[in-house]
Structure formats: structure tokens, C-alpha cells
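Look at TrEMBL and you will find 210-352 tagged as domain 'O-antigen ligase-related'. The transmembrane segment annotation in TrEMBL covers 20-41, 53-70, 82-101, 107-124, 136-154, 174-198, 205-221, 227-243, 250-270, 340-365.
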Amino acid sequence: MPLHSSAMAAPRHDEGRMTLLVPALIAAVFVGFVLLGPYFSYRDAPTEGEGNALRQVVYLALLAGSFLAARNRPADKAPLAVPLSLKYLLLWCWLSLIWSIEPSIAVRRLVLTCVVIWTVFLIVDRLRFDRTVAVLQWVTSAFLLANFAAVLLAPDVGIHQMADPFDPGLVGDWRGVLVQKNFAGAVCAIAVLLFVLGGQGVNPLWRWLMVVGNLVFLWGTSSKTSMAILGVSLVAGWIFLRHDPRYRGFAILALAAIATTIAVLVQIYWAEITAPFDNQDALTGRVQIWPALFAYAQDHWLFGAGYGSFWNVGDDSPIFRYGKGWVTELGNAHSGYMDVLVQLGVIGLALTVAALLVIPLLSVIASPRVGGRRGALLVALLVFCAGHNGTETSLLERDAIVQVFLIFAIALIEAADTRAPEELEAEDYARLEPMLLPRRRQPRAIAHSPRS
């Protein structure tokens with residue numbers, strides 16, 4: 001029995017498998033390079049912002065290949081557009097170069113971010129929903145097997161052996177073939193979501209082997225953030241599955257009311273909320289990092305330092321003026337929201353949260369054409385990426401692993417929402433039928449008396 005029984009099968013239209021082989025291979029190489037990308041960019045000490053030529057050349061080549069592949073889309077398929085909200089966010093990033101501390105470094109980083117985003121949309125434009133998810137499943141499966149091989153056959157490579165000065169508890173944690181255990185943990189958690197909520201076209205035995213295998217490896221990484229957020233994400237996906245599309249408007253209003261209530265409670269109980277920051281051991285040292293960024297944000301709250309201009313820009317990095325000790329040797333704040341705030345200010349943070357998280361989530365909830373397990377998978381991915389950035393940094397971070405999967409989720413929303421009603425899965429259409437078709441009144445049965 002094939003591992004994928006439907007996702008990579010010949011589509012309904014006249015496309016054959018061979019015409020999709022090249023874009024699928026491009027997508028697989030792209031995702032694989034993203035997972036291995038930290039080997040080219042990860043540094044234990046602050047840098048001057050120098051780039052990696054091989055990394056840049058590979059991404060440009062993948063962008064060109066994706067563009068050529070997307071040109072061969074079927075005539076009846078409209079091009080997949082990057083959402084307007086995301087374009088506005090990127091425009092603000094480009095405008096921030098005007099006041100950037102180190103624009104020559106920032107522009108290189110921003111170009112790479114744009115290249116990665118457009119490559120993802122071109123890949124999804126050509127492969128659409130099911131095939132894209134299938135490629136993500138194949139690549140994460142290959143990496144899981146490689147990770148276990150590294151742990152079992154080369155433990156000096158697959159298991160952290162030396163203590164990181166910034167995270168002394170790393171020794172003994174699994175990382176597999178990836179650079180660091182938190183990267184491996186995030187990939188395993190995302191793979192669980194892909195197979196639990198998006199694995200309907202996969203051989204059941206293989207599907208659940210991948211789920212269990214990724215859970216085991218995630219446990220071995222001791223990546224607490226990924227473990228916790230995975231649970232929340234699965235619950236979010238389950239809630240979406242149980243959600244009646246006819247009441248999505250109510251769900252949006254309820255979501256807005258909950259968000260407003262939380263904002264009010266944060267203002268009322270601010271002292272109690274910030275009390276944990278007095279504990280220097282909380283969140284494995286992160287609360288020793290964040291005060292320096294809070295201080296900078298208070299002084300530059302509106303515009304920030306400019307995109308990509310807070311960390312790793314040489315001696316002019318603001319962290320050297322606002323931080324001290326080992327904090328100045330880091331490369332990020334271990335909070336995507338904090339990093340966006342100090343780079344793009346409150347305007348940029350608001351645009352980022354809206355374009356990358358809030359609007360995509362509301363798009364899934366509000367759309368009557370994104371339902372069933374597709375919608376549940378998208379909701380779970382968005383929730384995972386949002387929660388993961390609470391204690392790790394990936395928002396707008398070029399080819400950061402979680403950032404790339406977040407962009408895939410946003411692009412998949414656009415792809416899922418372009419399906420015609422007749423292309424919906426049977427379970428989705430059954431739930432939507434009362435909304436799409438008027439309920440017909442059944443004619444009354446006329447009783448006839450028997451003839452005498």
C-alpha cells in the first residue's frame with residue numbers, strides 16, 4: 001500500500017504526475033534546506049551581520065525554480081496572491097530601513113525574508129493544498145528517520161554533549177541532525193500536527209508510526225515550549241473540528257470579546273502579571289534578557305531600531321547599550337514579539353500580529369469554504385506558531401523554521417479558500433450544504449381514500 005493514497009495521486013484535471021514532479025522536488029529541497037538552514041546562520045556569539053553566500057544563492061535558485069514551475073499551472077487555476085495585509089507588513093519593514101541603524105545589513109536580511117515568503121507562495125500556488133501538505137509530511141518523515149539514526153548511531157552528533165553557556169541544561173537532550181534541540185522539537189511538534197490533522201491520505205500504519213515517532217523524539221529533545229504549545233494546538237484543532245460553520249460569525253465575536261477582556265484584565269492586574277519577572281531563574285533566563293528590550297522599547301516605542309537592526313549588527317547593536325553580561329552575546333530575545341517590537345516599534349508589532357496571526361486565523365474561522373480537517377490543521381499550525389513565539393524567536397526571521405511553516409499555513413489558507421464547492425471534501429460539503437442550498441419544503445402527502 002502506498003504511503004500516500006490520494007494526496008500525490010493524479011488530480012481531477014488533466015495534470016499528470018510528471019508535470020508535478022519538478023515543483024514537488026523544488027518544494028522538498030526548499031523545506032529540507034530550511035530545516036538545515038541554521039547550520040549556515042546559527043552562531044553562538046554576536047556577529048557583524050555577515051551573510052552566507054551559499055545560503056543566499058540556494059534560496060534565489062529555489063525562488064527562480066518555483067517561479068518557472070508556477071507558470072505551468074493549469075489555465076483554470078488563478079494565481080495565488082500574497083495577502084494584502086502581509087504586503088503592508090513588508091512595506092513597513094522596507095520603510096523601517098530609512099531609520100535603520102545598519103541599513104546595509106538590514107536590506108540583505110529583508111531581501112532574504114521576502115525571497116522565502118514569495119517562494120512559499122509560489123510552491124503552494126503550483127502544488128495547492130493536499131500536495132503541499134504531502135511534501136511537508138514526506139520531508140518531516142525523512143528528517144525524523146535521520147534524527148533517530150543520529151541519536152542511535154552517532155550520539156556524539158545527535159545528542160547535545162557540551163553545555164551551552166546560555167542553556168546549561170542542554171546536555172543529554174536530543175537534537176538529531178538539526179543544530180539545536182529547540183529546532184528539532186519544533187519540527188517534531190509540527191510534524192505531529194501534519195499527520196494527526198492532515199494525514200487522511202496517508203497509509204494509516206505509517207501515519208501513526210510518524211505521530212508516535214515524533215512524540216517520542218519531541219520528548220527526547222526536552223523542548224518544553226514545543227511540548228506545551230503542541231497540546232494547545234491539538235486542542236484548538238479539535239475545537240475547530242467540532243465547530244458548526246453556521247455559527248462562525250458568533251465565534252468571531254466571541255473571540256474578539258475574549259481578546260478585549262484579556263486586554264482589560266492585563267491592565268488591571270499588570271503588577272501581578274509582571275511579578276514573575278522578579279524571579280531571575282524563570283523561563284531559563286529569558287526574563288534576564290527581556291528587561292533590556294523593554295528599556296529600549298520604552299525609548300524607541302514607535303519605530304524601533306529598524307528591521308534586522310537590533311541584534312548582530314556590530315558594535316552599534318543597541319543591546320550593548322541596554323544589556324549587560326551574557327545578554328549582550330545573544331542573537332535574539334527568545335521572544336518573537338519582543339524582537340519585532342524593538343525592531344519595528346508598536347506599529348510594526350501591530351502589523352505583524354495582524355498580518356501573520358490574527359487575520360489568517362479569522363480567515364479560517366470566517367470562511368465557509370475552509371472546513372473539516374483542512375481548517376483544523378491550519379488553525380492548529382497558526383496557534384502553534386503564535387504560542388511558540390512567546391519564548392522563541394521566529395516572526396519575520398528570514399528562513400527561521402517556525403516562520404517558514406507559518407508562511408506555509410497562510411499560503412495554504414489562500415489555496416484552500418480557492419476551491420469551488422464541488423471540489424470540497426465530502427465531509428466539508430455535507431456540513432456546508434444547509435448554507436449553500438436553500439432548504440426545500442417537502443410537499444404534504446395527500447391521503448387517498450380507497451376506491452369503492
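Note that Cβ sites are derived from N, Cα and C of the backbone, with glycine treated the same way.
Automatic prediction, not curation, is the source of TrEMBL annotations.
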Cβ-Cβ under 8 Å with the transmembrane segment (82-101): same-chain residues at least 6 beyond its ends: 107, 110, 113-114, 117-118, 121, 303-310, 313, 316-318, 343-344, 347-348, 351-352, 354-356, 359-360, 396, 410, 414
Contact between the transmembrane segment (174-198) and the transmembrane segment (20-41) (3 or more Cβ pairs under 8 Å, separation 6+): yes
Paired segments the transmembrane segment (20-41) and the transmembrane segment (227-243) in contact, 3+ CB pairs under 8 A: no
Surrounding residues of the transmembrane segment (107-124) on its own chain - C-beta under 8 Å, 6+ positions past either end: 23, 26-27, 30, 34, 49, 51, 55-56, 59-60, 62-63, 66-67, 69-70, 80, 82, 86, 90, 93-94, 97, 132, 307-308, 396-399, 403-404, 407-408, 411-412, 414-415
Criterion met for the transmembrane segment (136-154) and the transmembrane segment (53-70) (at least three Cβ pairs under 8 Å): no
Beyond the flanks of the transmembrane segment (205-221) by at least 6 residues, Cβ under 8 Å: 3, 137, 140-141, 144, 147-148, 151, 173-176, 181-182, 184-185, 188-189, 191-192, 195-196, 199, 227, 230
Intrachain residues whose Cβ lies under 8 Å of the transmembrane segment (227-243), provided they are six or more past its termini: 185, 189, 192-193, 196-197, 218-219, 251, 364-365, 372-373, 375-377, 379-381, 383-384, 387-388
